[in-house]
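Lifted from Swiss-Prot, the feature list:
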type: REGION; residues: 1-82; note: region 'Disordered'
type: TOPO_DOM; residues: 1-88; note: topological domain 'Cytoplasmic'
type: TRANSMEM; residues: 89-109; note: transmembrane segment
type: TOPO_DOM; residues: 110-914; note: topological domain 'Vacuolar'
type: CARBOHYD; residues: 128; note: N-linked glycosylation site
type: CARBOHYD; residues: 295; note: N-linked glycosylation site
type: CARBOHYD; residues: 347; note: N-linked glycosylation site
type: CARBOHYD; residues: 617; note: N-linked glycosylation site
type: ACT_SITE; residues: 751; note: active site, charge relay system
type: CARBOHYD; residues: 810; note: N-linked glycosylation site
type: ACT_SITE; residues: 828; note: active site, charge relay system
type: ACT_SITE; residues: 861; note: active site, charge relay system
type: CARBOHYD; residues: 897; note: N-linked glycosylation site
């Protein structure tokens, strides 16, 4: 699932400001009408003498982070005239009755009994992560332009580590515009400190462009061959889905500095994927959903498959596998010897289509003559929950024999109930295939022998019996080859598996051994691990949330599970990531917060040759942090029903504990996700705190990641239930704080966060949160894709009650909030616009009207099309300001001013005659 550039430094004027002299339906509150009545009475009593009205719109803009007028009182009327005592008493009596009635109703609304009041809630800690040099209380306010245009994004460098042709370690691929040194070159990390970039560099491409016939080719992406003699080049890249694209592909000869088409017979063909043989002698690629192979010794291209098309995919994933399983565009795997290619065959024949309509003419959307003014419709094979899934099988191509074959296995999952989530080549023609059932709670590890053409299940696990949870797809299983002389008599693999309630590293050896050696254990979790393995020294490198769920540090452990050691400082709060060289002797170490991020290239502890070089310290960003008034971050935990959950509170600069601040809750909350972390980040939430002066709180509730499987798995079959309770209980706890205005609380989120916003408002029914903003929300999980949804909900056929509970259906409860807003892009191929339309229909049926909706034509899930991203955030900001300024309270029950005035005058007349 999936998201987050102009408004000026001053807060926008309330959107509901109107000319009070208009004879129309107005949004004026009862209290405002009472004051207006008094002014009218004054004017009528003193015929011919005008009393200026109160200055409701004097051009000054209210800010919650300004302390000039803590009471927020209205200025006195100018030039007020005296009124006869009897009339004044009557008028003031009427005004008092009106105001009193309004206040009574308001406090009854705010003080009504709360749901879930019996919950055990404990808030712990108030650690201020603010450190000198990162957060300043003075300076300029964070503006929206800066947040949305990358002004606050840390500079970051990626290193493409590559193995040397002879096994050299510490080699990296450099690609830049320095044609003096060479556009594309391989450098030894040891020479990075040299002022002469040509030192020991192997130049692969001298210039950025090259000619093939009359055509000039400019690379979009490049992949050097393992022997570094040829470069596979993609040009003219066109995006498909989130991770996939097509392009024209070329082979560039390093020695001659010349290029040729990958397929000389079809140089303009749009290729979907291409990958090198480990021997550098051939390339396999997919075009028009069929696979081909080109041997470099010939210009001939040979087909591997021929029946690919609209419903059959070879070597690439379809939409749902790209989005929910592989998180990438490849379903092709070469074996280590270059003798076999494994690839996914995907059959979508039974998968229903979903039409995504595009209404705005743009470049690239070609219409037939006479159809230019009709929407363009793209039909996607999209399996919704409970609908038929694509059927997937692993097939193999024998490179030497030129034949495709499949391997049957006894006790395999049936086609309709099989997900293939990972493929890992071992040695000697053996391959590991991780499979799960459709509902992702039964795992099978299959060992396939491509040489003998046999297959067997070597390990299985039922997660529904283990802890009621599920298997998340990942691509991090690591093959460990046998090395008898180094204490490894058999092949094996490392996988992240559940152990005593937390995700840990397990080493399985031999390959068919179902009982592993656990390399890590404890009440903490490893993340997408291992990062790398030093096979010579038997060291496993991994990243873990060991010190705190909100932090990441880097560790090593030996293959026997001994000597777990950090390689970074674990005493200070930090969030690290790491990318290791192919031999694990060097690493790109990234420090991502909470202070200003930096990057270093280092030698790893086992490397006897010491090396360290800072390649980015973000000096410019550090200067900006000093010049701007950034919010202060307070990391805490809250315990709800025995579950300890991480919370971060963003306080405005110059925070005044004697003031009452509005609070905005921001959340995502999807299963296994994490929003509360100690990364340095200046985002929309930072803008809200710094510029608008509101407190922003985020709590990672039950179901989120790195707090243990018990807290994570409790949400299964009932998404949105416990997560909503956690948001509400946290908001109640914050509402009791002396510096929080509990009458001004809002919540917002995008995607799963949009769903959670609506579910929280639905459960809360206006008792805690008065406002909400939901962007691209799921409103019924039967509308979302099968693989993601059924992992957490089972199928609708097996869990009908759960799906009914998770749908946003109690719109009457939504009607009890002051106001909420829903935003969606009509071209969303991920969370379909159908979700919002269905919710709007439910609101219409139940006559609920306290909401706003904004639709962005042709925008997908990221909402970028035609300035949409910038406008969306401006809309969120303006809407929130109006909410916390009380504008939406004023328009809850609009009454024509003229009618109300007439009734008031009639009442006054009767009172005068009494």
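Each position is counted from 1, following the chain as shown.
Even glycines carry a Cβ here, placed using N, Cα and C.
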Message = Just to be sure I understand: of 295, 347, 617, 810, 897, which glycosylation sites have a C-alpha no more than 10 angstroms from the C-alpha of residue 861 (active site, charge relay system)?
response = none
Request  = Tally every other Cβ atom lying within 10 Å of the Cβ atom of residue 828 (active site, charge relay system).
outcome  = 23
Message = Taking only the residues in the topological domain 'Cytoplasmic' (1-88), give me the average pLDDT of this model.
response = 37
Ask   = Taking 751, 897 as the recorded positions to compare, which has the smallest set of other Cβ atoms within 10 Å?
value = 897
Message = With DSSP assignments reduced to helix, strand and coil, which class does residue 295 (N-linked glycosylation site) get?
response = strand
Remark   = By Cα geometry, the one of the recorded positions (295, 347, 828) nearest residue 897 (N-linked glycosylation site) is 828
Rounded distance in angstrom between the Cα atoms of residue 347 (N-linked glycosylation site) and residue 810 (N-linked glycosylation site) = 39
Query = At the level of the C-alpha atoms, what whole-angstrom distance separates residue 295 (N-linked glycosylation site) and residue 751 (active site, charge relay system)?
reply = 45
Ask   = Does DSSP give residue 347 (N-linked glycosylation site) helix, strand or coil?
value = strand
Task = With an 8 Å cut-off on Cβ-Cβ distance and a minimum sequence separation of at least 6, pull the same-chain contacts of residue 617 (N-linked glycosylation site), or say none.
result = 596, 598
Query = Using DSSP, would you call residue 828 (active site, charge relay system) helix, strand or coil?
reply = coil
Remark   = Rounding to whole Å, the Cα atoms of residue 751 (active site, charge relay system) and residue 828 (active site, charge relay system) are apart by 11
Query = Under 8 Å Cβ-Cβ from residue 810 (N-linked glycosylation site), six or more apart in the same chain: what's there?
reply = 762
